[in-house]
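Copied from TrEMBL, the annotated features are:
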TRANSMEM  55-74  transmembrane segment
TRANSMEM  80-99  transmembrane segment
TRANSMEM  111-131  transmembrane segment
TRANSMEM  137-161  transmembrane segment
TRANSMEM  182-202  transmembrane segment
TRANSMEM  214-239  transmembrane segment
TRANSMEM  295-313  transmembrane segment
TRANSMEM  343-364  transmembrane segment
TRANSMEM  376-394  transmembrane segment
TRANSMEM  606-626  transmembrane segment
TRANSMEM  638-657  transmembrane segment
TRANSMEM  669-691  transmembrane segment
Amino acid sequence: MKLPSCLEKQLCCYIAGDDPPKGDFPLRKKSPKLCGSNYPLSIAFIVVNEFCERFSYYGMRAVLTLYFLSFFHWDENLSTAVYHAFSALCYFTPVIGAIMADSWLGKYKTIIYLSIVYVVGHLIKSVGAIPSLGNQAVHVVLSMVGLFLIALGTGGIKPCVSAFGGDQFEEEHTSERSKFFSIFYLSINAGSLISTFVTPVLRGDVKCFGEDCYALAFGVPAALMVLALVVFIAGSGLYRKTPPQGNVLLEVCKCIGFAIKNRLKNRSREIPKRDHWLDWASEKYSKQLIGEVKMVTRVLFLFIPLPMFWALFDQQGSRWTLQATKMNADFGIYVLQPDQMQFLNPLLILVFIPIFDLGLYPLIDMCKFNFTPIRKMATGMILAGLAFGLAAIIEIKINETDMPRLVPEESLIRVLNLAKNPVQVTIQEKDLFQQPVETFQNPAEYSKLILNGEQQSLRFTLQHQGLTLAFNYTVKEKSVYSLIVFEAEGSLSSRLITDLEAKPENGLAAVRFINGLSQDVNLTIDSRKFIAVQKNYSPSEYSLLERDIYNNGKCITETGEFPLELGLLDFGASYTIVITNISGGAVKTWKSEDIKANNVHMAWQLPQYLLISAGEVMFSITGLAFSYSQSPASMKSVLQAGWLLTVAVGNTFVLIVAEAAPMAQWAEFVLFTVLLFAVCIIFSIMGYFYVSVDPEDLEEKEEKRETSSRGNMIGLVTQKTKL
């Protein structure tokens with residue numbers, strides 16, 4: 001679950017808690033109440049809208065990484081980079097939405113217009129996931145356009161919906177408004193929790209166009225966003241709508257820019273220094289604004305190390321999901337999809353918040369330990385770092401079942417002896433296969449074959465029952481081979497066939513067949529998979545299948561139709577199945593596991609989800625509450641923008657690492673762990689020297705300081721500015 005799902009309640013409370021703009025508002029009106037209470041009827045439409053919108057966003061994003069990997073066939077690094085580029089854009093665009101709402105359209109119209117953009121983006125994204133519509137270039141263009149519009153829509157309305165909900169309450173109903181934000185927060189988490197569990201099921205368990213149904217997985221969130229827009233418009237006549245009052249974020253940026261520019265123009269030593277660099281904006285901006293900007297910059301300085309936390313946190317939807325594809329997802333009564341593990345985060349957040357607020361924090365207080373907000377945030381960073389340390393350990397265990405990484409002038413080879421007696425295999429100038437290969441012996445592992453170039457012609461010698469036969473085969477570097485030895489027409493023969501070089505993606509099982517019969521066969525594995533295999537030990541191509549027990553297949557030959565039982569084809573495994581004979585009215589087969597199945601269970605990801613979710617509660621909620629307590633009420637929207645930008649910067653850092661510095665996955669996890677621990681130390685030092693203040697007290701001090709420094713405002717370069 002992303003930052004808004006955990007923190008939007010905090011964001012909403014502070015935004016809506018700002019002092020209402022002064023003046024006459026002809027558009028504000030009293031809304032009908034819910035069942036005689038003080039709750040406006042209009043909030044029901046806003047809460048339903050928020051649930052549908054969050055379902056739409058998180059449901060679409062849950063399957064996004066696997067969509068890039070499986071549908072576009074991008075590698076893991078590119079898939080991760082694009083995923084985090086999209087996430088970063090979603091947290092840059094709230095600034096655009098805030099400016100539109102406060103300076104131009106107002107909250108209501110901004111929500112309507114950007115929701116339409118949002119819906120169009122979802123529809124384009126869903127259409128782009130239809131396999132039969134154009135080639136891959138068309139799919140990529142449609143998907144990227146759709147994602148851009150979605151990012152603009154979801155980011156643009158993010159700062160508006162919660163504040164618009166707060167606007168519906170009259171000033172005297174503060175307790176009802178506070179409870180509204182609790183309901184609003186619940187709707188966010190409910191949408192996130194349900195969608196991250198449901199949409200992976202729509203993707204993986206439903207098949208359309210002969211493969212995973214990404215069109216449906218994106219189409220359902222699109223339908224929910226359409227419903228969100230319809231519900232919001234349906235309540236139009238009930239809303240209290242405030243006109244735009246000007247954007248304080250723009251004023252802050254202009255004030256800072258003017259101060260810097262003015263200071264650079266007045267660098268003469270004859271000009272007296274000022275107490276603070278922002279005091280150089282006093283020629284144009286009020287003392288109150290300058291004082292408030294000073295308070296905000298103190299807090300924003302503490303935000304500098306924060307993006308590293310989000311760099312780790314947001315990898316739940318990318319690197320951790322990719323890790324889950326290489327694990328065993330069988331929980332006995334249910335087989336989880338790898339992208340379903342993300343639902344643990346919103347679930348754990350809902351569990352942890354009351355536990356921390358009502359249990360852990362009071363217990364720490366009873367122990368007389370001063371658990372300050374800075375210490376809570378640092379603890380959250382440590383927990384996130386530990387989560388990635390566990391992820392690195394799990395990744396190392398997962399790699400034990402991977403195929404060895406091939407290097408130039410190196411290949412892998414094994415021998416499958418399908419003859420009736422043991423065979424001694426010798427390869428020219430190579431010291432391999434010292435012992436005879438037994439009949440139908442399942443090789444424990446591949447042997448490394450060193451070549452003298454990119455490819456090499458090698459002589460293979462077979463010794464069988466006193467006879468010696470030789471065969472020449474060309475072997476290429478960075479390839480994996482099986483030498484099949486079999487009897488044909490009373491003599492020994494062989495074939496050199498190419499094997500898979502890596503595990504099947506997304507937890508699928510790969511299977512191929514070798515037909516040891518003297519007649520061609522047609523195989524039906526399930527209702528959707530048909531394979532034709534020629535006679536005399538000819539191999540078929542690999543087929544990718546979902547993990548399952550396949551005992552209802554059929555083998556059709558010239559003499560009839562026979563049942564075919566393959567047994568369990570497990571997660572991430574590769575199999576070679578040899579059809580040996582037909583007896584007793586059934587096909588007899590021999591199954592060899594070429595690549596081992598995933599043997600690390602997905603449940604081992606639970607500890608890292610526990611740690612990072614606990615870290616989110618301690619870091620995120622505490623951080624926003626603390627930073628907002630250190631700033632004046634009029635600057636809360638500026639701090640919200642700064643906080644959201646830390647998420648964007650964190651995602652940007654991940655995409656840079658994924659593309660610019662590719663490395664083994666376990667090493668990347670260790671890198672992020674070390675970086676977060678280092679940042680945690682820096683943040684702790686910054687927090688140690690930070691002095692907490694009451695914004696009201698600081699405003700009084702600023703006024704006194706400004707009064708005492710008036711006499712120093714002499715000898716300045718004349719500035720041509722409009723007051």
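Numbers here mean position along the shown chain, with the first residue as 1.
Using N, Cα and C of the backbone, Cβ positions are placed for all residues, glycine too.
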For the transmembrane segment (55-74), the distant same-chain contacts (Cβ-Cβ under 8 Å, at least six residues beyond its ends) come to 1-2, 5, 80, 82-83, 86-87, 118, 122, 125, 129, 131, 136, 139-140, 143, 150, 154, 191-192, 194-196, 198-200, 203, 211-212, 214, 217-218, 220-222, 224-225, 228, 317-318, 321-322, 325, 338-340, 342, 505-506
Spatial neighbours of the transmembrane segment (638-657) not adjacent in sequence (6+ beyond its ends, CB under 8 Å) are 2-3, 11, 14-15, 80-82, 84-85, 87-92, 94-95, 98, 158-159, 248-249, 252, 296, 299-300, 303, 306-315, 318, 623-624, 627-628, 631, 668, 671-672
Checking 80-99, 111-131, 214-239, 295-313, 606-626 against the transmembrane segment (376-394) for Cβ pairs under 8 Å, the most are found for 606-626
Query: Are the transmembrane segment (182-202) and the transmembrane segment (214-239) near each other by the rule of at least 3 C-beta pairs under 8 angstroms (pairs 6 or more apart)?
result: yes
If one takes Cβ-Cβ under 8 Å and requires six or more residues beyond its ends, the residues near the transmembrane segment (606-626) are 1, 3, 6-7, 10-11, 14, 306, 309, 312-313, 316, 320, 341, 344-345, 348-349, 352-353, 356, 373-374, 376-377, 379-384, 386-388, 390-391, 394, 639, 643
Per the Cβ under 8 Å criterion, with at least 6 residues separating them from its ends, the transmembrane segment (111-131) contacts 53, 56, 60, 67, 71, 97, 100, 105, 138-143, 145-154, 156-157, 160-161, 164, 209-211, 214-215, 217-219, 221-222, 225-226, 228-229, 232-233
